[in-house]
Structures are given as C-alpha cells and as structure tokens.
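Feature annotations, courtesy of Swiss-Prot:
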type: COMPBIAS; residues: 1-11; note: compositional bias 'Polar residues'
type: REGION; residues: 1-20; note: region 'Disordered'
type: REGION; residues: 1-183; note: region 'Large ATPase domain (RuvB-L)'
type: BINDING; residues: Ile22, Arg23, Gly64, Lys67, Thr68, Thr69, Glu130, Asp131, Phe132, Arg173, Tyr183, Arg220; note: ATP binding site
type: BINDING; residues: Thr68; note: Mg(2+) binding site
type: REGION; residues: 184-254; note: region 'Small ATPAse domain (RuvB-S)'
type: REGION; residues: 257-346; note: region 'Head domain (RuvB-H)'
type: BINDING; residues: Arg293, Arg312, Arg317; note: DNA binding site
Amino acid sequence: MTEQRTIASSATREDEAADASIRPKRLADYLGQQPVRDQMEIYIQAAKARGEAMDHVLIFGPPGLGKTTLSHVIANELGVNLRVTSGPVIEKAGDLAALLTNLQPHDVLFIDEIHRLSPVVEEVLYPAMEDFQIDIMIGDGPAARSIKIDLPPFTLIGATTRAGLLTAPLRDRFGIVQRLEFYSPQELTRIVIRSAAILGIDCTPDGAAEIARRARGTPRIANRLLRRVRDFAQVKAAGHIDLAVAQAAMQMLKVDPEGFDELDRRMLRTIVDHFDGGPVGVESLAASLSEERGTLEDVIEPYLIQQGFLIRTARGRMVTPKAYLHLGLKPPRDRAPAIGEPGDLF
C-alpha cells in the first residue's frame, strides 16, 4: 500500500489544521478560479438583494483545488451559518433529517463527497432541495405513517471529485454547477506568498515561484510543500526561503521540477524498461510496481496524463516522447503511435 506522498492531493490531518489558519474568508481573498469567482459574486449579490436563499450549488473537480474553501467563502459572503458534513457520514435518512431541521433560514449545508450518499438518503434530499420539505415515516408496520415537515429555505452545496458518479436526479436539482480547474504556476505563486505572509514565513518571490511550479497545479500541495520547505529552511538557512533554498529542499523531498516524486518516475521507468514504452495493461503494470490497480488509476496516472507524459489506449498504458526526455532518454523513432496517441500525420 502506498504511503502518504508529499505531493498527494488528498488531505492529511496536518493539511486540515493548517487550512483553518490560511483559508480565505472572502471572494476577494480567494485566488485563482476567476470565472467561478465572477459567477459566484453575481449569484451571491442577487440572492442577498432578493432576500432569498441562494440556489443549490454543485462544485466538482480534482481534490485539493478548494471546494471546501469555496463553500466557506460563499457562506461568509451570504452572511449565514455553514453546516459541514460528508456523504459517508450520513448513513440513514434520519441523519439527514436531523441536519435539515436544525438549519436556520438561508443557511448553507455543505456535503462533501456527495456522490457517496446512499439511495435512501438521496430520496429524502430530493423534496428538501425542491420544495423545502421532507417526508418522515413514524412508527413501524401497519401503524406506520408519513408526516411532512416544512424546512426553512436553505442552500445546499455539494462537492465531489467524481461528478460522473452522481445520479441524474440529484445532479439535475443543482441550479448552479461549478468546475474547479488546476491552477497556473502564477496563481499558485500568489497563493504561496499569501500563505507565507499569514504563517510568518520569510519567503522571497522566486522561492515562492519555485514551490508553486512543483505543486502540480494544486493549492493544497503548494501549501504542504511550503511547510516542508519552511522546516528545511529553519534548520539549514536560518528560516529564510529563496530560490536556492527551495530547490535544495525539493531535492531533499525528491520532488522534481515537473512536480513528480519517486513513485511517478518509477512508473514511467517501469513502462520504458520492462515494457518497451508500452502498451501495457494496468494489471501487469500494477504487479510490476507492487501497487494496487486503484492506486495507479486514481493517484498516480491522472497528473501524468494531464501533463502529457502518459496516455491510455485501448491496448494499455504508453509513455510519450516527453516521458523519455524527462528520464534523460532518447525517444525511439520506430515505435508507431497507438490509438489515441498524438503522432505525425505524414
């Protein structure tokens, strides 16, 4: 089983504790995602002007891009309470009913991993979202009866990394749908500089830029790398982070300029050395790496594919010429492109 990686996009307990201190509270402080910010500003102002609860919001995208942070920002901008829960926690319809009946008018209910709600819970959520009512069964057997409970108008914010797993009836009940994209190095540099200032870290702009460009387009990873570089600088550089210190810290962490760690490089090397660059089936690759198939598909592959180092074809995984160059190797000229792989037309 893969140990926790420094450049993993999933949250650790340390991340959650640190996020509380550096999390932006207003849209003006929420860096990046400009189209999403512009749209949400309009929706929030319109809802406040009408004195209504804002329409329900679905936020999706890869982990670590700020879905939870955006939900906090929305609640703060609306000036209402935020109740936070997650799909796996809501096991029974009664759990959801308890949450909904304790909301105040216009409050925001945030459900993380909303794709993991059970079908029974979803059935309760539908009328709550549409009509602000829930039907609850009282009693058992022949004496059982259904009662209808009115709810205060509220805004549901659902977050998911896997929007494709949402059922169509649930997805269709969200009036606002926002996709968060990977951040540019310039946006991440601004985030690192802001976080460093809040945490009291002495970090130069070029040091922040070096951290940002290795953060895989993800603020959570950028902030985690900043904390690790801070540790390095505190011991080796009197607490000062500049370009040279950031590079030395990244070398210690084995995070290269592309944001790859040893596991990423090992996967690319395995395909090149053991399978002649591919194609190779995911099961064979997992066995060669002594990793689970799910780890390859959900943890390692996405960023390699997004950056153009790896492709999935009908016959399996293949590395691209870009991967050969990154490993310091010369791409073979006699390998024909597979289906789905970019190649010369002539």
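In case you wondered, yes, glycine gets a Cβ from its N, Cα and C as well.
Annotated features taken from Swiss-Prot, shown on the structure.
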residue: Ile22; record: ATP binding site; contacts (Cβ under 8 Å, 6+ apart): Arg194, Ser195, Ile198, Leu199, Asn223
residue: Glu130; record: ATP binding site; contacts (Cβ under 8 Å, 6+ apart): Arg173
residue: Phe132; record: ATP binding site; contacts (Cβ under 8 Å, 6+ apart): Asp150, Leu151, Pro152, Pro153, Phe154
residue: Tyr183; record: ATP binding site; contacts (Cβ under 8 Å, 6+ apart): Gly32, Gln33, Leu65, Ile191, Gly217, Thr218, Pro219
residue: Arg293; record: DNA binding site; contacts (Cβ under 8 Å, 6+ apart): Val282, Glu283, Ala286
residue: Arg317; record: DNA binding site; contacts (Cβ under 8 Å, 6+ apart): Ile271, Gly278, Pro279, Val280, Gly281, Val282, Leu285, Glu301, Leu310, Ile311
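Take the CB of Gly64 (ATP binding site) and look out to 10 A: across all protein chains shown you find 26 other CB atoms. Around the Cβ of Thr68 (ATP binding site), the number of neighbouring Cβ atoms within 10 Å comes to 21. The Cβ neighbour count for Arg312 (DNA binding site), using a 10 Å radius and every protein chain shown, is 17. Counting in whole angstrom, Arg312 (DNA binding site) lies 24 from Gly64 (ATP binding site) by their C-alpha atoms. The residues near the DNA site, meaning same-chain residues not in Arg293, Arg312, Arg317 whose C-beta sits within 8 angstroms of the mean position of the site's C-beta atoms, are Gly281, Val282, Leu285, Leu296, Glu297, Glu301, Gly316, in sequence order. Residue counts for the region 'Head domain (RuvB-H)' (257-346) under DSSP, split into helix (H, G, I), strand (E, B) and coil, are 42 helix, 9 strand, 39 coil. For the recorded site, Ile22 (ATP binding site), the DSSP three-state label reads helix.
Max Cα-Cα distance over the annotated DNA binders (Arg293, Arg312, Arg317) is 14 Å. In the predicted model, the region 'Large ATPase domain (RuvB-L)' (1-183) has a mean pLDDT of 89.
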